[in-house]
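According to Swiss-Prot, the protein has these features:
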- GLY22, PRO23, THR24, ALA25, SER26, GLY27, LYS28, THR29: ATP binding site (BINDING)
- THR24, ALA25, SER26, GLY27, LYS28, THR29: substrate binding site (BINDING)
- THR121: site 'Interaction with substrate tRNA' (SITE)
- ARG143: site 'Interaction with substrate tRNA' (SITE)
Amino acid sequence: MHPDTRSQPFAPLFDDVIVLTGPTASGKTELALRVAETLAARTNGRQEIEILSLDAIAVYRGMDIGSAKPTSDQLARAPHHLIDLVDPWDEFSVAEYLHSAHACVQDILERSKRPMFVGGTPMYLKGVLRGFDAGPPADEAFRNAVEEDLRQHGIGALRERLHQVDPLSAAKIDRGDSRRMIRALEFARATGTPISHRQLQFDTARSSHEGLVFALRVPRPVLHQRIEKRVEEMFAEGLVAEVQGLLALEQPLSKTSRQAVGYREIIEAIAAGDAPETAAERVVFHTRRLARRQETWLRSFSEIRGLGSFESDSAPDIDQCVESMVETILSFSD
């Protein structure tokens, strides 16, 4: 961890960047590359985009197939950043991501290029658009004690404990996300203030003008088909072997990397003595659920411009999205 990131507040990057987001498997990567190529061609190279990954799993080295990192051909089409930052046994916080993101944006702007964030991790998106305050440093003794209580009494008791000090966080945090519940308890204990109160300050932060934040909106049946196809391709490309290789590393995987969709299901199948390939259906189910959560999050961001319905992989649909984004970006450049 960067030593100065745990308690450092981060200002929004809203005014300085382009953002392309959307649920998993919605086609963000290819669309971003098409936009970058089209914008450079339209401006005779005066506006060149560099892409910053907005994905919490792509930061991990060796977690390539399951996180759908850009291929080598895609990486060659535009500079990419914020990929392969840490080892899969490391934890990597939102604050650490934003520390790296701010440094990347500054470097890109100093070289007179255009930074474009591409991805769908909600907490990263929130930090980019509205800023972030990491709060007090971790209290390892307190965390260990709470984790022991969690093992003994279960996550329901942990949620009830959080409800007593921060009912808003208890209601908002995903029911299975013990890590965020513990952090909320830790924050309240250290500051005497619920973390939800602090977050409200950032939720209400807005840029002084309308920005370049785009979201792909894909009809649910089409998105489900894409997810099924993507999972099938991931297993064909060697996702099981990738997970087995990660489990064979000299250090155990971090909690974040072990719980990533696409990895967790195979790890659980191996632990249960089942054939890893049997996890494919669970990966599809959990990926669909992840996409629904992402869509819910995206609806809460008033900054976002919804792109037209991206209903297929056909050239006209993709061309329409590219044209919409490029025209809007150019209108802000005038």
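Quick reminder: no glycine exception, Cβ is built from N, Cα and C everywhere.
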Euclidean distance between Cα atoms of THR121 (site 'Interaction with substrate tRNA') and THR24 (ATP binding site), Å:
9
Give the three-state DSSP assignment (helix, strand or coil) for LYS28 (ATP binding site).
helix
Provide the number of Cβ atoms within 10 Å of the Cβ of PRO23 (ATP binding site), excluding the reference atom itself.
26
Hey, how far is GLY27 (ATP binding site) from ARG143 (site 'Interaction with substrate tRNA'), Cα to Cα, in Å?
39
Give the residue from the binding-site residues GLY22, GLY27 that has the most other Cβ atoms within 10 Å of its Cβ, counting over every protein chain displayed.
GLY22
Considering only the binding-site residues PRO23, ALA25, LYS28, which residue has the minimal Cα-Cα separation from ARG143 (site 'Interaction with substrate tRNA')?
PRO23
Using the structure shown, find which entry in LYS28, ARG143 (the recorded positions) has the sparsest Cβ neighbourhood within 10 Å.
ARG143
Identify, in sequence order, the residues in the chain of THR121 (site 'Interaction with substrate tRNA') that are 6 or more apart from it along the sequence and have a CB within less than 8 Å of its CB; answer 'none' if there are none.
LEU54, ASP55, ALA56
